[in-house]
Amino acid sequence: MGKAMLKLCITLMVLVFSGTAESKGVMRREDESFPHLKSRLCGGLNGLGEDAYRSHCVVYYTKRMGVVSLDHVEELANHCLRIVKQCCAEGAADDCLQTELAAVQEQVCTRMSEAKDVPLVGRCCALAGSERHDCFHHAGGVAEGEGAWPHALPVTSPPEYDSVTVCALHATANARLYDTLLWEFSRRYPSASDSHLIALANEFITGLTTCCLVEEEHGACLATLREDFKHKLTEASHKSQNLCKALKSLGKEKFEDRIIVRFTQRAPQAPFELIQKLAHRFEVLAEKCCELGHSDRCLVEERYTVDDELCLEQSFVATCPRLSSCCSLSGSSRAQCLETVPVLETSDKASPATPTLPISEQCTLWAGKPVEFHKRVVWQISHRYPTTGVAQVEALAHHYLEHLTICCASEDKDTCIATEVAEFKSEVEKVHTKSDWWCRMSDLLGTDRFNLLLIVTYSQRVPQATFEQVEEISHHFALITRKCCSHRKNGSCFLEERYALHDAICRDEAWLSGLAEVSRCCAMDGRARILCFDELSSHLNASVEERPELCSTSLCSKYHDLGFEFKQRVAYGFGQRFPKAAMGQMRDLISKYLAMVQRCCDAMSDFKMDVEEVELRAHRLCLDAHQLGEEKLADRIMIGLAQRISVASFVNISSVALHFAQSVIKCCDADHEKTCFMEQEFALEDQVCSDSEALSHIPSVSRCCELHPFDRSVCFHSLRSTQASTLASTHVAVGKDDSLPGHVEECQAFASGNHSLTDQVMFEFARRHPRASVSQVESLARLYSELARACCALTDADQESCLHTARSQARQEALKSLQRSERICNTLSAIGKEKFEDRIVIALSQKATDASFEQILEIANRMSRGLARCCEQGNNVGCLMDHRHALHEAICSTPDGSLPQSVAACCNTSNTSTTTSTTTSTTTSTTTSTTTSTTSTTTAAEIRDSCFDNLQANVSRAHAPFYSNSQLCLMKLRTPHRFLERFLWEFGRRHPQAALSQVEELAEMYVKMTDSCCGKLHSKSCFTEQRHTIHMEIRHAYAEVQHICGSLHSRGEETFIQREVTLLSQKAPNASFEKVSQLARHFLSLAKKCCAPDHAAGCFLEEPYAIHDEVCRDDEVVDQVGGLATCCRMSGTSRAKCLAQLPRDLGRHGNRETPEFDELKICELRRDNPAVLMEKILYEFGRRHSDSAVSEVKNFAQKFSHSVTECCTSEKTHECFVEKRAAIEKVIKDEEAKGNLTCQRLKAQGVEHFEQLVILNFARAAKSLPMEKVVEFAHRFTRIAGQCCEHDTHCLIDESFHLHAEMCGDHGYIMAHPGVANCCKSDVSEQGTCFKIHEDVHHAEEILSKDVSPAHPTAERVCLRYRQFPEKFINLALFELVHRLPLLESSVLRRKALAYTGFTDDCCRAVDKTACFTEKLEAIKSS
C-alpha cells in the first residue's frame, strides 16, 4: 500500500492544470522536461520549507480531487512531501521522478475509485496504454464542455462550528484544524491561487486563535469572524469579476500591459523579461478563469498570483536576500513582506523613465516588434514610478510612443528624441509637483480633513455618483496617497488624482454595470479616458437641492447619529451643488455650515434637556409632596428659599415656604400631576414676588422682582452668591450666633417637642451654603439637633459645654463637606468638564453594571451639569456637593421605569420611613469634661448611600469587551465623540472594583489602538498585536490581585499592613507617618473586600493605581506633599510618572541609610505597642529607599527591630544602639553595592537578556514553581529593578528576596505546598534557608516518584505555542532546559535556549516533528 501511495502521489503531482500559474512546485507543466520539473519542485521545497510546501500539497489535491475525503487528502499530501524530499535529497537518482511516474497510472485508476468522479481523472482512466499516458501527462486542464469543477461547494465561509467545539479542536488538534480550513476553502474556490487560499486559512486560524485564547466572548468573536470572512470572500469574488470585465473590455494586449504595470510595481527589482513572462501567465490564467462560467468562485487576485510566480523563479530570487526571506513565507504574510521590500533605486541613482537604447535601435524595435517594445516602455515607466496609477503609466507611454513615431520618421532622429525626452521630463516634473502638493495637503490636514477634501473634489468631478461610491473612492485614494508619500525620499511618488479616480471607478462593479457611458470611458486609456470622463461629468450633473438643509430635528438626529459621516455627507452635498467652486471657498462654506449645525443642535439639545429636567424636577417635587407631607415639604422649600434669599429672616422665609408647600400639593393633586410643570426654583421666585407682606418689601428682592423672569432668576442667583459665607466663616452657622437661642431656650424647645429649632438650624445652614443639596443641609441640621437633644438630657451645669461641643462637631462636618466640594470643583476646573464627565461614567458603570450605555450617559451628563452649577462660582462659596452623595442623587433622579434593576432597590429606600435608633447614656461628672450621649440616626439618604456602597456587582462578563476591527473603525468614524465614553462604560462595568485611573487607561488604550490601526495597510496584524497587549495588561492586573490576596491570606492582616506602610512611604515619602498608617489600613479594607469570594471575579485592584487613588483622595496628604496636587489631576500612567518624579525632601532627616529614633521613646513604644513600632520603622526605611524592593526594605527594618529588642533590654542601651546602627549601615552599604552590580548588569545586558537570566535563576532556585509563575515573577523583578536602577544610589534589589516574597504572595502556590507557609511567616533574612530546605524535600519526593523532570511537551503542542506567540517561546525553552540541565551555568543555558528557539522553526516545518526535536535536543545537550 505504501509503495502504491507513493506512486499515486507522484502521478497526481503531474496531473492536469498544466500551463497555468498554479505551479507551487506540485504539478508538471505542459511539455515540461523531467529535469526542469525536478528543479522546480526542489526549488519550491527549499524556498517554502516543508510545512508551507505541505500546505500547498493539501490545496493542490483538494482542488483537483475535491470529492475525496480530508483524510485521503492529508495522506496524499504527506506522501507528496516525502517523495519530493526523497527525490530532491543529495544523491537521489536523476530519473527518480520519471521512474515513479512510469508505474503509477494503473494504481490511480484501480485503487482510487472515488477519484473517477473527477471528470479529468475519469476521462484519463477510461483510456488505456499510450493514450492514458498522454492524457495524464499532457492534459491542459478541464476539458471543454465538461464544466468547471463540478465538485466545488457553494460559496460560503467555512462550516459553522460552535465555539466550544472549535476552541477544543484548536487546543488539541491545531494541525488538523488548519488542514480542515485549507480543504474547505480549496473545495469552494478551486480557481483561486494556492497562496490566496493559504492566506485565507491563515487569517481564519489567526482569528480563531484570538477568539479562543485571547477574547473571552468566544461565541460573539467567532460569529463576527465568520461575518468578516463572508464579506472578505464576497469582496474577493467581486474583484475577480471586475478583472474579467476588464479583460473582456480591454482585450488581451491592453490587459497584459496593465498587468505588466501591476507586476512591475509589485516587484520593481525584477527584469523586464521576467515581468513579461509573469504577466503573460497571469493573462492566460485570468482568461481561463473568466471563461469557466463560474465567476463567483473565480478568485484571481493579482498580488497573490504574481507572488506565486515570482517566488518560483529561483534564479532571480536567489539574487535578492530580502526577497528570498519573503518567499519562505506564505499567504498574506508573504504578501505583506513583499510589500515592504525596499525599492533598489534611490533618488540619486534612479533608473530613467524612458528607454535608454539608441534612437536607431528604438525605431527598429518599434517598427519590427511594436507590441514587445510598447510593453518595454510601459515596464520602464512603471519600474521608475512604482506608486503611480495604471492609467497614468499608459498615458505617459502613449505620449512617448507618439513622439517616437514622429522622431523615427525625422531626418535628425537624435535631436528630435532629445527634444522629446526633455518634454517628457517636463511632463513628469509637473506630475511630481502635483504629487508633492497632495502629500503636503495630506500631512497638513490630517486624516479626517484630508478625507473631506477628497470627497468635495470627487463629488465635484463626478456629481452623478452616490455618496457611498464617492466615500469609497476617497478612502481608496487616501490609502494610495499615504503609500505614495512614504516614497517621496527616493523620488518615486508619482500621483495624480484624476487618474487615480478613474482607475478606481473602472474597477468598481456598480459603476461599470450602472452606466454604459462609464464602461465606454473605461475601455479607453490615457488622456482619451480623461477627456471622456470630463465630457461625461459635464453632461450628467446630478440634480440637487439649491440650498442645504437648515436647522431641524431630523438634521440634528443625523448630526448626532452619523458622527464623522455627517461631515462627509455635507462635503459630498456641497461638492455636488457647487462643482466649479474653488476649494478654499468650499472649505469656508462647509466649516460655516457645520458650525451652524453644531450651534443649532446644541441649543436644541440644551432646550430639550432643560424641559426634561423641569419635568423630572416637577415629578420629584410631587413625589416629595406625596411621601413627605406638607410639613416636611415646607422644610425642604424653606431650605431652597434660604439659599436663594439669604438676607430674609427666618420668620418670613418659613411663612412663604409653608404657603408654597400648599400650592405644590394642590398642583400635584392626582388629577393634575401629569400636567404639573412646576420647577421649584422659578415657582418660588413667583411666590416671593407675589407675596407683598413677607419678602417683596426687602429692597434687593424688590429690585429682582421688577425684572424679566430670566433676568430675575439671574438676580436671585447673585443675591445668594454675594451673601454666602466663605469657607473661613462657616463656623458662624454653628457657633455663637444671635439668631440661635441660648442653651436654656434650646433645651426647653426640645422638651416641649417643638420642631422650630430644627427648622431654624436648617435655615441657618441653608443661607450659609446656598449651593448645597437639600438632603445635605437636612443631614447637617439633623446631626446638630440630635447632638443638642442628647446634651439637653444632661444636668444644667453640663448643657452649655455639651452644646458647644455639638456645635463644633457640626461645624467640622460642614468644613469636611466644603473641603470635599472644593476638591471636586478644583478637579473639575483642572481637568475640564469632558474629562470630569468621563470619570463619572466610570463610577456609574461600576455602581450600576447592568445599566445600558445610554442610561449611564444620561445620568453622567445630568450629574456633571449639577456639579458644574455647584462649582460655577470661582471661589466655590458655599458649595456642599459631596461627589458620592451627588452620584447617588443623579442615579435616583432617573425617571421611574428606566432604572437598572441593580440600583432600583437602593433608590427605593428613600421612600421608606426613617429608621432611628437612639442610645442615650448619661454620665454626670464634676469635672469640666463631659461625655455626651451617643446618638445614631439613619436617614433614608444614608440608607440609600449604604445600599449603593454594598451593591453586589455583576461580574460574569469577560475581562475585555469584544468588538471586531471593522466595528471599532466604524464606531470611531460615526461616533467619535462617544467612542472613549463607550469603553469607559465597558471596562467600568466589567471591573467594578478597579481603580478609576486604571479603567481610564484601559479605555484610552482601546482608543489609541483604533486610531493607530484603522486605515492602515496591515490593520489586521496591528489590531491583533495591540489587542494582545491590552489583554496581557488585564491579565497582569489580575495576577497582581492574586498576589495581593495571596499575601493577605498567607501572611495575615498585620503583615499586610506592614507591607502597605512600606509601599505608601515609598510612594509618598513626604507624608506623615500617621497619614501613611491611616491609608494603609484603608487599603487593607479595600483588599479584604476585593479578596472576598463574592468579589474575586470582578476584582481588578492593581496596587500602584489603588494607592495613587487613595493618596490623591486625601486632602491632608495632597496639601503636605509639594507637587502632588498637579499629579493627582492626571490619570493612569501619566499620573504614575508624575508621582515617580516628585522630589524626595529627606535632607532634614539626617542619615539617608538608617533612621534615627529617640532611644527612650522607641523603647517605650516597643513596650506599649510593638506593632506600631514595626510600622514606624518600615515607614522610615521605606521613605529613605523609595525605589528599592519591598522585601529588601522589610529585611533591614526587621534587622533594626531585632536591634531595638536587644538594646532596650541591655544595660548599656545607648552603646548598643550605636553599635547596631553601625552594623546595619554597613550591611545596607554592602547590599547597595550588590544592587549597583545588578544595575550594571541590567544596563550592559539589556532588559530582554537580563530577564532571561532571571528566569533561569528563579527556575533553578524554585523547581516547584510552574513556568507561568517563574516568568511572571521574573518579569516583575525585572520591572522593579529597572525602576530602581533609574536612580544611581540607594538601590536595594536582591533576586532571592524578591523570589521568596513572590512565592509567599501566591496563595495557590502556598495551598499546593503547605510547608512554604511556615517559611513565609519567618523573618525575611531567615526565609532563604527555609525555602532551600523545602525545595530539597520537594526534589527528593520527585525522585521517589520517578518524575525527576517534567515531560517534554508533544511536538505538535510546542509548534502550536511557537506559532501563536513566537516572541514568548524563549521562556518555554529556558524553563525546560534549566530543569533538564540544572548544573550548567545560566549563560550557557541561555545560549542553548536561543539555539532551541532557532531550530524550533525548522522542526515545526518538518514532516516528522518529533524525530526532528529529539535529534536537535540531543545535539544541544551534548554541545
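Quick reminder: no glycine exception, Cβ is built from N, Cα and C everywhere.
Feature list (source: Swiss-Prot):
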- Cys167-Cys212: disulfide bond (DISULFID)
- Cys311-Cys327: disulfide bond (DISULFID)
- Cys326-Cys337: disulfide bond (DISULFID)
- Cys506-Cys522: disulfide bond (DISULFID)
- Cys556-Cys601: disulfide bond (DISULFID)
- Cys747-Cys792: disulfide bond (DISULFID)
- Cys791-Cys802: disulfide bond (DISULFID)
- Cys1090-Cys1099: disulfide bond (DISULFID)
- Cys1112-Cys1128: disulfide bond (DISULFID)
- Cys1284-Cys1291: disulfide bond (DISULFID)
- Cys1304-Cys1320: disulfide bond (DISULFID)
- Cys1319-Cys1330: disulfide bond (DISULFID)
- 812-1031: domain 'Albumin 5' (DOMAIN)
- 925-928: repeat '2-4' (REPEAT)
- 936-939: repeat '2-7' (REPEAT)
Which of Cys167, Cys1112, Cys1284, Cys1320, the listed disulfide-bonded residues, has fewest other Cβ atoms within 10 Å: Cys167
The repeat '2-4' (925-928) [mean pLDDT, rounded to integer]: 32
Using Cα positions only, nearest of the disulfide-bonded residues to Cys1128 (disulfide bond) (Cys522, Cys747, Cys802): Cys802
Cβ-Cβ neighbours of Cys1330 (disulfide bond) (radius 10 Å): 18
Cβ-Cβ neighbours of Cys212 (disulfide bond) (radius 10 Å): 21
Sparsest Cβ surroundings (other CB atoms within 10 Å) among the disulfide-bonded residues Cys337, Cys522, Cys791, Cys1090: Cys337
Rounded to the nearest Å - Cα separation of Cys802 (disulfide bond) and Cys747 (disulfide bond): 12
Disulfide-bonded residues (Cys556, Cys1304), the one with most neighbouring Cβ atoms at 10 Å: Cys1304
Neighbour count (Cβ, 10 Å) for Cys506 (disulfide bond): 24
Cβ neighbours within the same chain of Cys1319 (disulfide bond) - under 8 Å, at least six residues apart: His1300, Cys1304, Gln1327, Cys1330, Phe1331, His1334
Integer Cα-Cα distance in angstrom, Cys212 (disulfide bond) to Cys1112 (disulfide bond): 39
Separation of alpha carbons, Cys327 (disulfide bond) and Cys1090 (disulfide bond) (Å): 53
Conformational class of Cys747 (disulfide bond) under the three-state DSSP mapping: helix
From Cys311, Cys327, Cys556, Cys747, Cys1112, Cys1320, the disulfide-bonded residues whose CA lies within 10 Å of that of Cys791 (disulfide bond): Cys747
